[in-house]
Amino acid sequence: MPKIFFLPHKLLLPKGGCFECKEGETILNVALKNNIKLEHACEKSCACSTCHCIIRKGFLSLSGWSEKEEDVLDKAWGLESTSRLSCQAIIGNIDIEVQIPLYNTNYIIEN
């Protein structure tokens with residue numbers, strides 16, 4: 001069973017965390033199931049970038065991304081070459097390491 005390692009996040013997960021997950025789950029579902037309140041303003045419909053995350057290890061083991069996800073990711077704050085929308089990234093059979101950016105587009109607009 002693969003594991004997902006969330007790096008420490010100042011507000012959502014100060015000490016980081018490691019959780020077992022099932023192959024085929026999305027990063028967002030694993031986060032929510034483990035009480036990580038990762039924002040997802042569009043309710044997992046690939047219409048916003050609030051669930052943006054950066055994959056630090058295991059990027060190539062995730063599902064491929066769609067053109068729609070790529071277009072939405074272009075609007076994400078702090079975009080990197082290994083960025084994914086956590087609502088779309090499906091976990092494979094390899095452990096991954098995920099960084100949740102300190103800010104997301106909603107935070108920047110609202111604050």
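Using N, Cα and C of the backbone, Cβ positions are placed for all residues, glycine too.
Quick look at what Swiss-Prot lists:
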type    : residues           : note
BINDING : C42, C48, C51, C87 : [2Fe-2S] cluster binding site
DOMAIN  : 1-104              : domain '2Fe-2S ferredoxin-type'
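Sequence-distant neighbours of C87 ([2Fe-2S] cluster binding site) (same chain, six or more apart, CB under 8 Å from its CB) are T26, I27, L28, H40, C42, K44, S45, C46, C51, listed in sequence order. The [2Fe-2S] cluster site is set by C42, C48, C51, C87; from the centre of their CB atoms, other residues of the chain with a CB within 8 Å are L28, E39, H40, A41, E43, K44, S45, C46, A47, S49, T50, V72, L85, S86. C51 ([2Fe-2S] cluster binding site) counts 27 other C-beta atoms within 10 Å of its own C-beta, drawing on all protein chains shown. Within 10 Å of its Cβ, the residue among the binding-site residues C42, C48 with the fewest other Cβ atoms is C42.
The helix, strand and coil residue counts that DSSP assigns across the domain '2Fe-2S ferredoxin-type' (1-104) are 17 helix, 25 strand, 62 coil.
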